[in-house]
Amino acid sequence: MWDKKWVIGNWKMNGRLQNNNALMHRFRIMPTADRVVIGLAAPTVYLLQLHNAMQIVLNNRILTCAQDVSRFPNNGAYTGEVSADMMADIGVDIVLIGHSERSLYFGEKNEIQRQKMVNVLNVGLTPLLCVGESLEEREAGREQEVIAHQLSILEGLDTKNIAVAYEPVWAIGTGKVATTGQIADMHAFIHKQILSLCGNDVNIRILYGGSVNAGNAADIFAVPYVDGALVGGASLSYDSFTAIIDAAQES
Ligand code: PEP
């Protein structure tokens with residue numbers, strides 16, 4: 001898993017039982033992609049459906065990913081929350097932490113993200129930490145400072161496996177993709193930061209996210225330190241998502 005490209009789809013708040021099922025059945029004809037770890041992050045209410053379909057229809061070729069998790073570790077009086085332990089119970093593999101839409105709409109910052117990371121690691125699942133700067137921060141030349149602050153929550157975590165998605169906020173859902181030069185600079189910076197925070201003996205995956213599609217995926221996967229993609233809009237269609245998986249397999 002830690003030496004393959006990852007292609008993780010983030011459905012955000014999209015999906016319905018019947019459509020999800022139809023999509024899962026289409027994935028049965030997906031060509032072999034043995035060099036790619038494939039995952040889909042569905043809304044929480046559909047995770048069990050997805051996981052069952054992955055097992056029964058797809059022989060676990062696609063991992064079940066959650067878009068978020070509670071910051072509270074155990075059972076308790078936390079109405080509306082879903083714990084990391086519950087995610088593990090239904091077969092989730094990877095949990096997104098700190099997607100920029102979580103900080104934009106729910107005010108999540110480092111402290112909460114750190115609690116979520118710890119909870120996910122404690123139940124044996126893989127957290128995928130999302131980081132990214134806003135347009136104002138990039139225009140002010142502060143992108144590395146901002147990303148370094150977001151990555152600082154990785155320090156001292158009890159794990160040898162670190163997965164991060166670099167998603168410039170200005171590139172998410174906008175059709176604006178960072179240039180390959182911008183991606184190369186930031187991914188090399190993130191790689192260096194992870195080594196200094198977590199030690200030289202960690203497994204690292206750094207995914208790019210932000211308007212990745214069938215047309216630009218191959219160029220993005222060719223950039224050094226790009227170990228995959230976190231894909232929003234283009235993961236909702238079988239054709240575009242599998243074209244991105246093909247590009248990862250060929251890279
Ligand atoms: C995302 O939601 O993480 C994302 C990158 O979205 P999009 O691919 O639609 O820009």
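If you go along the chain as it appears here, the first residue is 1 and each next one adds 1.
Here the Cβ of each residue, glycine as well, is placed from N, Cα and C on the backbone.
What you are looking at is a predicted structure, and each value in this text was computed from that prediction instead of being measured.
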Problem set entry | substrate binding, same site as ASN10, TRP11, LYS12, GLY173, GLY232, GLY233 - TrEMBL member from SER134, SER196, SER211 | SER211
Exercise. Which binding-site residues from the set ASN10, TRP11, GLY173 come near ligand 1, judged by a Cβ under 6 Å from any of its atoms?
Worked result: ASN10, GLY173
Exercise. Closest of the binding-site residues to HIS99 (active site, electrophile), Cα to Cα, picking from TRP11, LYS12, SER211, GLY233?
Worked result: LYS12
For this session: Enumerate the residues of the same chain, ASN10, TRP11, LYS12, GLY173, SER211, GLY232, GLY233 excluded, that satisfy the criterion Cβ within 8 A of the mean position of the Cβ atoms of the recorded substrate site; list them in sequence order.
Result: ILE172, VAL231, ALA234, SER235, LEU236
Seminar exercise, completed: The number of other Cβ atoms within 10 Å of the Cβ of HIS99 (active site, electrophile), counted over all protein chains shown, is 28
For this session: If we count other C-beta atoms within 10 Å, could you say which of the binding-site residues GLY173, GLY233 has the fewest?
Result: GLY173
Seminar exercise, completed: ASN10 (substrate binding site) falls, by three-state DSSP, under strand
